[in-house]
Amino acid sequence: MTQNASNSTVKPDDIAQPDDAVQSGNNAQPVPAVQPVPVVAVVLAAGFGTRFDPDNPKQLVSVGDKAIVAWSIEAFESDPRVTDIVVVVNPRVREAVEELVDEAGYPKVRMIIDGGAERVDSTMAALDTLASVGIPGDAKVLIHDAVRPFVERSSIDGCIDALDEYKAATVAVPSTDTVLLTRDLGDRKAVASVPDRPNTFRAQTPQAFRFATIRAAYAKAGTDPDFHPTDDTRVVVDYLPEEPVAIVAGSETNLKITTLADLPIAERIAQDIAKASAKARMHAMLAEAAGQLRR
């Protein structure tokens with residue numbers, strides 16, 4: 001595991017404190033903070049996407065009317081319970097993401113930092129940066145893959161709520177397929193066991209933690225030479241086994257865009273979201289017009 005230095009290219013503001021105001025929307029006025037502690041979304045956009053298109057970073061590919069990374073940022077930007085956003089990038093997309101953030105005017109994006117060669121390095125870079133700006137140990141940190149652009153508000157809020165009772169939580173959906181655990185026979189795999197389907201889930205993101213908990217898990221993991229997790233929940237499960245990780249309901253539309261074959265599905269989801277949004281706006285306009293007629 002290699003650690004890459006995290007260099008902020010947007011001057012970091014102080015992470016919002018409990019008494020600070022937060023803003024929602026591009027031109028919104030400050031509203032009272034609704035969380036007793038900071039709620040920080042870490043959007044991981046540092047992958048190189050070798051399974052997608054090495055010459056066309058998937059974070060910047062447009063789906064519907066916006067870049068994939070913009071969908072993910074906006075999911076947290078639009079949630080009034082989220083106080084701060086940190087975006088983790090690789091150098092290839094740094095300038096483009098900076099321009100995207102500047103043009104959209106996302107007020108909650110406090111900083112854009114360098115990630116690392118692996119996902120775990122990017123998470124650690126974000127955690128180190130948050131520690132350097134003095135985030136409190138009881139802050140709620142939601143770590144999200146940028147290439148899951150359609151995360152729902154209910155999943156984000158479910159993570160925030162779960163951290164009132166637990167110190168770790170992850171969005172997941174029940175597995176509809178039977179899952180096989182295997183053993184190695186040399187030239188092929190063989191079935192070792194078959195878990196009961198009601199106990200099997202497919203992990204998604206965000207994955208949420210009290211800041212002190214995820215920092216402690218990574219500190220322990222850092223001393224293990226065999227440390228190669230694929231997500232942050234695994235770090236807590238392996239290195240803080242006494243801490244239960246709560247399941248938060250996910251959605252089948254919380255798609256991870258991994259290969260080019262995923263793009264047509266993503267486009268259909270984006271179209272459905274656009275139609276639902278247009279319908280909601282129309283209903284709001286009709287309701288307002290009806291209200292004016294009654295006056």
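Every residue gets a Cβ built from N, Cα and C, even glycine.
Where the annotation comes from TrEMBL, it is an automatic prediction and has not been curated.
Sequence annotations record features per position, and here TrEMBL assigns region 'Disordered' to 1-30.
Annotation source TrEMBL lists compositional bias 'Polar residues' at 1-10.
Annotation comment: TrEMBL describes R51 (among others) as site 'Transition state stabilizer'.
Taking all protein chains in view, 25 other C-beta atoms sit within 10 angstroms of the C-beta of K58 (site 'Transition state stabilizer'). What TrEMBL records for K58 (among others) is site 'Transition state stabilizer'.
Counting every protein chain shown, the number of other Cβ atoms lying within 10 Å of the Cβ of R197 (site 'Positions MEP for the nucleophilic attack') is 13. Here TrEMBL flags R197 (among others) as site 'Positions MEP for the nucleophilic attack'.
Taken from TrEMBL, the feature site 'Positions MEP for the nucleophilic attack' applies to K256 (among others). Other C-beta atoms found within 10 angstroms of the C-beta of K256 (site 'Positions MEP for the nucleophilic attack') number 15, with every protein chain shown included. In three-state terms derived from DSSP, K256 (site 'Positions MEP for the nucleophilic attack') belongs to neither a helical nor a strand segment and is classed as coil.
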